[in-house]
Amino acid sequence: MATNVQSNRNMTLQLPSTSTDVPCKKKNVLCGLPFCTPDFLQRFATPKWFLATISFFVLVQSMLVSGITSSVITTIEERYGLRSAESGLVVSSFDIGSLVVVVFISYFGGKGHRARWVGIGSIAVAIGSLLFAFPQFFSSPYQPSSHTSDDSLNAFLCVENRTNSTDIKCEAQEANSLYLFLFVISNMIMGIGSTPIYTLGTTFIYDNVPRDSSSLYISILYAMGAVGPAVGYLLGGFFLTFYIDLGNQLSSNDPQFLGAWWLGYLLCAGLCFAVSIFLLMFPRQLQTEKSGLETPVDYSTAGTPVSVTTVTDNETTVDSLDTSVISFGKNLKELPKAFLSLLSNPIYLCVTCSATLEFSIVTAFLTFVPKFLQSHFSIDTAKSSIFTGAVLVPSAGTGILLGGYIIKRYKLNMTGCAQTALLSNLLSLLLFISVFLISCEMIQVAGINTPLQDPISGISMPNISLMCNSGCSCLATLYAPICSGDITYYNPCYAGCEGSIKNNLSQTTYYNCSCLPQATTDLPQIATHGECVRDCTSSFIPFLFCLFLVTMATVCAHTPSLMVTYRCVKNDERPFAAGLQFVFFRTLAYIPAPIYFGTAIDQACLLWNGSSDQCENGSGSCLLYDAKTFRYIFFGVAFGLKLLAFIFVFLSWVLCRRKHSLHTHTTKWRRMRRKKVMSKIRSRNNKNLEGTTTSVPQIAVTKPVDTYHSSTVTTVQSDDTGFASSASVSTEGSRKTPVVPPNRESLKLDLISSNQPSVTSEAKGEMTL
């Protein structure tokens with residue numbers, strides 16, 4: 001075996017022995033359960049099958065958390081008397097649970113079996129989904145306060161000496177607080193189970209696919225996360241067409257109709273249990289190697305003395321390498337070091353801050369857009385869920401796929417990805433202004449947002465209690481709106497109605513209403529059940545179109561930002577960087593956004609379900625919002641967050657461009673220096689100067705001697721053209737190992753240093769692989 005080193009330029013490439021660690025490596029790529037790995041399952045241990053499986057899990061998980069929950073949250077508010085801030089707490093509890101475990105899952109799960117961690121998370125999501133539906137089965141059957149049955153009609157009419165039912169209403173509100181606690185706990189469990197998806201699942205895919213395909217794979221995964229809410233909204237809207245207590249009959253046109261919000265949670269629980277079985281079968285490492293890149297090192301077989309060296313001067317080396325070795329930190333002592341390393345990365349911080357602000361807006365939109373459609377455009381609960389799922393979420397999926405396609409199509413580096421995110425944010429910021437200009441006239445409710453002239457006194461009163469209904473003993477806890485003309489009244493009692501009849505279509509009509517404007521005239525004093533109908537079609541369709549464009553432009557920046565995150569950190573920091581980024585997302589976006597958005601929306605409420613002075617513990621859900629105030633508060637807060645996000649995206653682009661420019665300047669200097677020296681060498685070769693040769697050295701590739709193999713020495717000679725021209729192979733033993741002469745492109749060796757003007761025939765290289 002050749003061991004002589006003739007120059008300081010020599011390197012040794014030591015080929016690893018092929019007779020060790022084969023059983024252990026084979027075990028890491030086998031598909032199946034630990035005790036059962038049949039042969040027919042091994043064809044599924046590929047990145048494509050893992051992508052299909054985890055994408056289905058993401059579809060169900062996002063369908064449940066972001067789709068069904070958002071579509072039924074207003075129904076849950078009305079059923080259990082929750083405010084917008086309390087329903088926001090229910091939504092935020094998902095991310096609270098995820099925040100508790102995200103650091104430990106990303107840190108320790110990154111060094112373990114990542115696919116199996118995702119499978120265990122799927123089981124946790126199924127358990128949480130079952131618990132979320134429990135209040136439906138443990139609570140008493142729903143009794144709407146304004147059910148228009150024959151036995152309850154007298155509760156809405158003007159009757160003297162009515163018995164007050166305030167105590168019953170307050171006791172019900174106190175009991176509902178227990179169900180609020182159960183909603184929070186079950187949603188936390190679902191958050192814990194969903195954590196491995198985007199911290200371990202994405203890095204597992206990134207480490208097992210070629211670099212030029214990683215963005216497309218991850219885009220598909222995130223696109224399924226965007227399509228899931230769309231399916232969830234559609235399913236939620238479908239389930240809400242059934243009455244909350246199956247078997248009971250109540251018209252869906254009744255204002256007090258509540259849908260079966262709990263059906264979607266039972267369905268998703270079964271699907272999560274099913275997909276968890278397949279996720280648990282995937283191996284630790286998929287049966288593929290990234291083209292042209294190193295194979296990820298398996299640290300469970302660390303006894304093999306392998307040294308891998310890659311030297312390249314390509315301009316794209318400003319980005320990180322492609323293989324993410326999950327070995328960053330052997331214990332908790334290195335956790336602070338990893339944390340400080342990421343916090344000292346300005347590009348990582350800017351991208352994380354921008355994404356945090358954008359996710360705050362997305363979370364608020366998914367939670368409260370159905371409520372906005374209901375209050376601003378008078379859309380019922382089921383239709384608002386369907387419209388939200390059919391417009392808002394598909395635009396997000398389109399944006400994610402578009403961002404991933406742009407990266408793959410133009411092969412963007414880190415600076416190009418940052419620039420794509422910047423342009424997407426700028427476009428969405430400009431389009432966002434359009435939502436402020438679209439509005440619809442709100443419902444006029446007598447005594448709430450429209451002063452009503454008392455027919456008896458002739459005085460306009462800004463409240464629902466008038467002289468015409470002063471002797472009716474009306475209850476503010478019973479909200480049963482009726483319509484007369486273009487004005488909506490709180491309930492028939494406050495309108496002074498003394499009787500009611502039903503027609504064959506189960507439509508209720510109230511008569512002898514003394515508080516109606518025509519009470520002093522000969523016109524009939526009648527009103528119909530339900531709120532007055534508004535025609536907002538002229539503004540509703542343009543609003544949905546603008547919302548589609550804004551969402552698509554916003555989410556289009558997500559995949560480029562994710563690529564910047566992966567490429568601006570070190571290889572072994574990627575899983576922990578993803579986990580820490582999710583900590584920022586949950587701490588500053590997913591958890592607080594629904595709460596402070598919900599609190600801000602509560603400020604636009606004009607009418608609560610039961611006045612706050614009747615119950616010491618406060619009021620229930622909001623019955624009527626000021627449409628104009630709602631629009632300004634909701635989109636005003638979102639616009640402020642988006643403006644800050646654009647500033648951080650701009651800073652990240654500037655930092656990426658500066659880093660790329662510095663690297664490009666260094667690379668160009670080295671190339672110019674090399675070109676100058678190579679020109680001198682060729683000039684000397686043309687003059688047939690003695691003692692000079694090419695820039696490619698003689699290389700000896702040595703294979704180590706083991707018990708079963710002899711060593712092989714290969715010498716590669718070079719001619720004056722700068723390429724390998726001949727190769728000699730000397731073999732000790734009976735086995736010959738042919739060696740293909742390397743070319744200039746495969747070696748990529750820096751042969752010229754700043755203090756060595758030429759390369760002589762004495763320069764030789766010996767590399768160990």
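Heads up, the Cβ atoms here are built off N, Cα and C, so glycines get one too.
Keep in mind that TrEMBL annotations are predicted by a computer and have not been checked by a curator.
Features of the protein shown, as given by TrEMBL:
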DOMAIN    48-657  domain 'Major facilitator superfamily (MFS) profile'
TRANSMEM  49-69  transmembrane segment
TRANSMEM  89-110  transmembrane segment
TRANSMEM  117-138  transmembrane segment
TRANSMEM  178-204  transmembrane segment
TRANSMEM  216-240  transmembrane segment
TRANSMEM  260-282  transmembrane segment
TRANSMEM  347-366  transmembrane segment
TRANSMEM  386-407  transmembrane segment
TRANSMEM  419-438  transmembrane segment
DOMAIN    462-517  domain 'Kazal-like'
TRANSMEM  540-564  transmembrane segment
TRANSMEM  576-597  transmembrane segment
TRANSMEM  633-656  transmembrane segment
COMPBIAS  723-732  compositional bias 'Polar residues'
REGION    723-745  region 'Disordered'
Seg_contact(the transmembrane segment (576-597), the transmembrane segment (347-366)) with at least 3 CB pairs under 8 angstroms, min sep 6: yes
Averaged pLDDT score, the domain 'Kazal-like' (462-517): 76
Secondary structure content, the domain 'Kazal-like' (462-517) (per DSSP, counts of residues): 4 helix, 14 strand, 38 coil
